[in-house]
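According to TrEMBL, the protein carries these features:
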SIGNAL    1-19  signal peptide
TRANSMEM  33-51  transmembrane segment
TRANSMEM  63-84  transmembrane segment
TRANSMEM  96-116  transmembrane segment
TRANSMEM  122-145  transmembrane segment
TRANSMEM  166-192  transmembrane segment
TRANSMEM  204-222  transmembrane segment
TRANSMEM  287-305  transmembrane segment
TRANSMEM  358-378  transmembrane segment
TRANSMEM  398-418  transmembrane segment
Amino acid sequence: MGAVLGLCSMASWIPCLLCRCCPSGNNSTVTRLIYAFFMLLGVGIACIMLMPGGMGSSIPGAVYRVCFGMAMFFLLFSLIMVKVKSSQDPRASVHNGFWFFKFAAATAITVGAFFIPEGPFTTVWFYIGMAGAFCFILIQLVLLIDFAHSWNESWVEKMDEGNSRCWYAALLSATTINYALSLISLVLFYVYYTHSDGCTENKVFISINMLLCVGASVLSVLPKIQESQPRSGLLQSSIVTLYTMYLTWSAMTNEPDRRCNPSLLGIIGLNSTTPAGQDRVVQWWDAQGIVGLILFLMCVLYSSIRNSSNSQVNKLTLTSDESALIEDGPAPENFEVGDGTNRAIDNEKDGVTYSYSFFHFMLFLASLYIMMTLTNWYSPDANYQTMTSKWPSVWVKITSSWICISLYVWTLVAPLVLTNRDFD
């Protein structure tokens, strides 16, 4: 807890400094970036808890408490900001300002979490964390689909503007690379995570997800789909396929059976297997955890700066795509000037560009996701002496992969099913 207090007191001035030093920009973007900084600072503190010799056997409890503080802070703001329609709402000023006091509140909640009696806290919070992380995985896919659509639209527009061969080659190369990585992943999964005389669950997981990804890819280029959504294509499908392969791998790395779940060091021959009958020794910074952390950072930052043109994704993330969104050239009179410096532009006077409440709720789920990722989805025992993989973690991840593909397929077929709805 001393590390938490030290870091928090040293960093208490940073949000205010960020707010003043950020280049003049839209209030909606600057605010989300500062909240993203809050989240990343909490992640940094949680990572320190995992350093060798840092917190000893209380690592799970320490990480759970840091993430509990972050989660409660964002959940509180999610409830406070329900139905904020514009920056004229008094609650909007709380959302977009008072950074020092909000940072102090987040710090106080996090420190207070360390005084929660042990009891069933960690076990209950573990299962809450699993549920929240499951939901955040789905949000990751929504953001991934949004990114894929934006990427595809940008390059297709450049193809239409000129030099079409160059941009077509770039689009084809990116799609090929994604599918090649997915194919390599499939081969490695069958080689290292299955055996001829066992690992039936892994064989089923890999085979089902492979067939689902092939089906989604074929569906995306069918004439009917192309007619209703000309911008859909194999680039988006390739990204979703690669993400599904990651979720499949992530699920298999939590399987309790050590024969069907070799460590990365064991695969490359640098580590021996755990003796039979012993709990698995926790490797905090394994490959799956690092990839999960990178995806988390990318999603949080992307959600802070995104300006999507995809109407279906905007509906799912409760984001506005109307006139309140970022404009190319804000008028000079929109700049707010104070103390001789340009401040963020209030581009939400007529309506917010994103749901304040949903944004905070997403960060609440992100706090739970990072808690599970940093602890490798392991369930601590009553004495925190061992950490073991459990089947619920496997099923949460593999189910999320199936729902992810279903969500993507829905974005393709929705215009055909709901013909009376406008999806433009």
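Glycine too: its Cβ is placed from the backbone N, Cα and C atoms.
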Region pair the transmembrane segment (63-84) / the transmembrane segment (358-378), three or more CB pairs under 8 Å: yes
Whether the transmembrane segment (166-192) meets the transmembrane segment (122-145): three or more C-beta pairs under 8 angstroms: no
For the transmembrane segment (122-145): best-contacting stretch of 33-51, 204-222, 358-378, 398-418, by Cβ pairs under 8 Å: 358-378
For the transmembrane segment (358-378): best-contacting stretch of 33-51, 204-222, 398-418, by Cβ pairs under 8 Å: 33-51
Beyond the flanks of the transmembrane segment (398-418) by at least 6 residues, Cβ under 8 Å: 134, 137-138, 141-142, 145, 205, 208-209, 212-213, 216, 219-220, 224-225, 228-229, 232, 236-237, 240, 243-244, 247-248, 251, 312-313
